Structures are given as C-alpha cells and as structure tokens.
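Asks: A single structure is presented below for examination.
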Amino acid sequence: MGYYAIFAVVLPFLWTCFYLLKLNPTSKLTSTIRLPPGPRPLPIIGNLHQLGERPHRTLANLAKVYGPIISLKFGSITTIAVSSADVAKEMFQKHDLALASRKVPAAVRANGHDNFSVAWLPVTPKWRFLRKISAIQLFSTQRLDARQSLRQAKVVELLDYIKARSNAGEPVDIGEAAFTTSLNLLSNTFFSMDLASYSSAASGEFKELVWKIMEEIGKPNLADCFPLVGFISRMSVNRELMGYGNKLNEVFAEIIEKRLSAANSSEGRGNGDVLDTLLRIMEEDDSELSLDDIMHLLMDFFTAGTDTTSSTLEWAMTELLHNPEKMAKAQAELEQVLGKDTVSIQESDIAKLLYLQATVKETLRMHPPTVFLLPRKADSDIDLYGHLVPKNAQVFVNLWAISYDPSTWENPDLFSPERFLDQDIDMKGQDFGFIPFGAGRRICPGLTLAYRMLNLMLGTLIHVFNWKLGDGLSREDLDMTDKFGITIQKAKPLRAIPILK
C-alpha cells in the first residue's frame, strides 16, 4: 500500500486522536521561553507537505527565512532543525548529554536493530561497552597502524583493476570500484576474506543492498510522524527493508557459524581478525557481549563503513573532473612530493600532501557523508540559542545547510580546496562549521579510518592516471544531481576512462 493510500485510510482516525490528545503540564522552562520560529503547521500533518524530495535543501531554505534554529511539526512530532555552526556549537558544548539520545525511525525498529546498535542505542552502560569495543578493537591508533599493510594491499588491488580497464580503454564506475575496495577492506579486517571482486556482480549487488537500507531508513515514514497509531508501523514501514537486512545477516551468520565450527574442531580459530576477538570476548565468563550484539555491530559497520566512503570518493572524483584546474594542482603536488615514478602511495605520505587533504576536506564539506546527523531526542526541556527545545522533541543537525552557510564559508557553492589551506580546520568535532562525522560523545568512531582511506584511494587514482569522460562528454556535461537518503549519492553514477600516465 502506497504512502498516500495509507494516509487516506488512517486520516479519520488521526483527526480523532488530534482532538482527544491532552497537553502535558508545562515546565518552568516552557513558561519562560518559546519554541524557535518556523512555518505554520497544518492540522494533523504539520509541515510534512513542505519537505519535498530533498528535505536538506528545503530546511536550509527555511532557515534563510526563519533563522538558524527553526521548529516544525512532522505529523505530531515536534522537530527542531539546527542550520548554523553557532547553534551547533552551543548544542554540542552545552547540551550534548541532554541531546545524546536518538529519535529512532520505525525502519530501524523493524528488526530490533535499535536494541543492539551502537549507532542507535541511548547512552547507557551497554552503549558505552559497545563503543569501547569499537574504539579499542577497530579504531585505536595502534589498531589502525597495525593494519596499514592490509589497506595498502586493497588499494593495490584497486590499482590493478583500473590498469586493466585503462589498457582496454574502458570506463570505470568510480563509486562501484570504491565500494568494492571499502567492502573488501572491512571484510578482511573482520573476517580475513574478500566479500566481492571487481570482476563479479557481487559488489554491485551488495552496494545496491546497502543503499536500499540507507534509503529506507532515511526517507519519511508515517510511523515516525504519528507514533500513537502503532499499527501504522506495520503498514507503512517498507517490508522490503526486513528482506534487505535479512540478506546481510545471512552473510554474516554463515561466516560466524563456520568460524565457531572451526574453533571446535582441530583447525582451531587462529585468524587473529576482529571476528576472532569479538567471539573471544563473547565466550568470556560474565561477558556482556552476545551473538546478537556482534551481528548488529557488523550491520552498523558494513552499511556505514562502505557506503559513506565510496560515495565521498565518487563525489571527489566528480568535483575534480568538473574543475580540471583543481585536478591539475592535486596531481602536481603528488608528483612533486612522491616523484613521477612512484606508484604506491603510503599512509605516511599523506601528511605531506596538503592539497590532497584539502581536496578531501572540501569534498566532505560540499557532500557530507550524511546531510543530517542521525536524529537526536531531547531527554528534558532545554534552552538552545534562546529557544525552547521541549522534552521528547527530535533534533536534526542539517550538515548540508551548515556547509553552505555564507556566514561561515565564503562562496560556499564553489569547489575550492584552497579554503582549507588558508586556515587550520579540524574535522574531529571542534570546528562546528565542519563536522562531517558529527561531534560530541556520539561522533563517528570510524572517522580516522575513513579519512585515511579517502586520501589513500583518491591520491592513488589521480597520481597514477589521468581521467576523461566517455561518449564525448565535457566537464560542463557532468551530472551533479544528488539523491536523498541517509547518505547523499550521485543520482547518476560517475563513469570515467582512466589513462595510465
């Protein structure tokens, strides 16, 4: 049943609920300050009719009218949208704990993912435990440094694939190639095995599967807007989402089952990868880690860790092809620092490649991995930037709006890596005009790995090859349109022809 058909069925019931609801007693704070300004909501549906297909742009435009913090109604849900660096700074520095909980979409609740996911759990002892495992076993400097050779090997495989395409004069689907590299890097880190190859359709199928999950979670849903009507959840949450999640879980379950069987046989476990570590922790006496925790942890990292990296790399290559003078500057720096004959870029080289780093950062500014940070929920009434954020309101931080705010960025619509050379801008949650991976206690734990991989892959692609568009297309013909989900991908995949230097 489609979205509007469902709405027509439940509208009379919602109308009745609207008049039967009782207002909660007002707190002292609610009697002294008001909600942020915003467009007048309609009865029942609120401001849902105004969102459109690109809600990040809609909310950014509304911020130009009503200010950097606005209030809306998504059905019955009070929603606060933060659209400036100043408001984000106050939010994360002053109210991070009060806004640390998540507003969990119905799509995430569909298979109970919110009960196990480090991305969606509230800040509880369980969340801290899972976060600690992620920080120590995956993303600590020691662990990242120990796996440099693995990342290098995966980039070399990417290089070999593109060389073969170059020799054949065939174009490369940049996003799909980057996705395969990211997927195999993660699968080798966790499982000591590849999950896809550049020559098979498996990578594209896995990429489509991950995108479907991200798309379903990111799009509006009636169950999120009218939580009092519980049966809508079963009607309006796309049932296909359960199928997508189950397909991923089947892959993980088979790998785990084989690993557990090997541990009980004469072969032993002995891979020394992340899965071995997680299973060992699970088997300890009084362990807090369960098999369900491991399955959902894998779901988190294999969706977020593959899609965001590959999408960002695709946008970086798109921007460089669209701005050939920037491509030339990045290539000149690589040649100067590494030399013409050096093919393999090491992670230790990245610190010397300032323009390359600036290019990655500018891509993250213009095309943030998520246009909205995952939604927060107010655990109490708070005063944010002189306005009331009421208890249980959901709060969206519009990274896209912040990234294109002219009060923070000069000429924000221009792709200009130079802006990151002129000033020292940190992306670890301290410079609030540039928080592509979030800020505060819920900042993305994988940001350091993502940043290393983006520089390594992009540097390799443009140092070893020149690139051109196929079919006689010029840079003016490049399609820069995006499509909305939790991540923003190119609406039309980038296909470019590599030319070996």
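Just so it is clear, glycine is given a Cβ too, placed from its N, Cα and C backbone atoms.
Pasting the feature list from Swiss-Prot:
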BINDING   Cys444  heme binding site
CARBOHYD  Asn115  N-linked glycosylation site
CARBOHYD  Asn264  N-linked glycosylation site
TRANSMEM  1-21  transmembrane segment
Asks: Can you tell me the CA-to-CA distance separating Asn264 (N-linked glycosylation site) and the residue listed as 'heme binding site', as a whole number of Å?
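Replies: Rounded to a whole number, the Cα-Cα distance is 36 Å.
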Asks: List nothing but the one residue from Asn115, Asn264 whose Cβ has the fewest other Cβ atoms within 10 Å; the candidates are the glycosylation sites.
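Replies: Across Asn115, Asn264, these glycosylation sites, the one with fewest Cβ atoms within 10 Å is Asn264.
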Asks: In whole Å, how far is Asn115 (N-linked glycosylation site) from Cys444 (heme binding site) when you measure between their Cα atoms?
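Replies: Between the alpha carbons of Cys444 (heme binding site) and Asn115 (N-linked glycosylation site) there are 19 Å.
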Asks: If you draw a 10 Å sphere on the Cβ of the residue listed as 'heme binding site', how many other Cβ atoms land inside?
Replies: 24
